[in-house]
Amino acid sequence: MSLYCGTACRRKFFWCYRLLSTYVTKTRYLFELKEDDDACKKAQQTGAFYLFHNLAPLLQKSEHQYLAPQYSLLELERLLGNFGQDSQILEDSVLIGCSEQQEAWFALDLGLNSSCSINASLQKAEMETALQGSFIKLTKALFELNVKDASLLSTAQALLRWHDAHQFCSRSGQPTKKNVSGSKRVCPSNNIIYYPQLQVNLRELEAAAWFSRDEVATVLRRNNPSNQQHSGAVPFWLPPKLAIAHQLIKEWVEKPTCSPLPA
């Protein structure tokens, strides 16, 4: 029995160490791409792109869920050429993550900054036909996306929206320029650097705080939330069960965790 337990513990330790090592490797790789424009351009050559149109992701229906297709740089260049679009639009893409094999993932919006709304609408329909998918509002599709795609597309949409809203410097009024990865924008006239907002916006949120897994699990298990809330036994509310946020929190609590590695 003790031998079995020892073997199980070693296996668990091995997988925890492997997961931690993978996470650290991915984090370092993404940091490199965010800080090194040349490295990010090189990553685009072998990376994958998610497509958006006016902040709506391109999705394909598969049975009872939506799938978010990926496209290589070569496929994207061919697509843009077929629709008469300048490949320079690729400079508007943003880095949103990477795989364990260090394949970089980018997002590109084909509809933002379009000079002609009529032509944009026509091209949108033609692109949907050619790509066998539809540009669907993310809020309508979240419940039918897997967790990975839901997280990636949410990150991509937020970053694309931020860049669209910060194209001009708030001090000089001059156009700002993003770096290749999209991790920041710079005003060439005064060198002010703008970053996506990483802190709490008190105009949008009443409060923000950290909670342990045990605290969240306790809230998930409560039977009568109204009574417990008034009695002060529960420190916070969770989103409704039908909300994607509730499902993501529930999965995080129920997912097997790794024990801390020894120092």
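Our numbering is plain: 1 for the first residue shown, then up by one each step along the chain.
Each residue, glycine too, has its Cβ placed from N, Cα and C.
Just so you know, TrEMBL annotations never went through curation; they're auto-generated.
Annotated features, as they stand in TrEMBL:
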DOMAIN    48-162  domain 'NADH pyrophosphatase-like N-terminal'
DOMAIN    165-195  domain 'Zinc ribbon NADH pyrophosphatase'
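Each residue of the domain 'NADH pyrophosphatase-like N-terminal' (48-162) gets a DSSP state, and the totals for helix, strand and coil are 54 helix, 30 strand, 31 coil.
Using DSSP to sort the residues of the domain 'Zinc ribbon NADH pyrophosphatase' (165-195) gives these counts of helix, strand and coil: 1 helix, 8 strand, 22 coil. Regional average pLDDT for the domain 'Zinc ribbon NADH pyrophosphatase' (165-195) in the model is 94.
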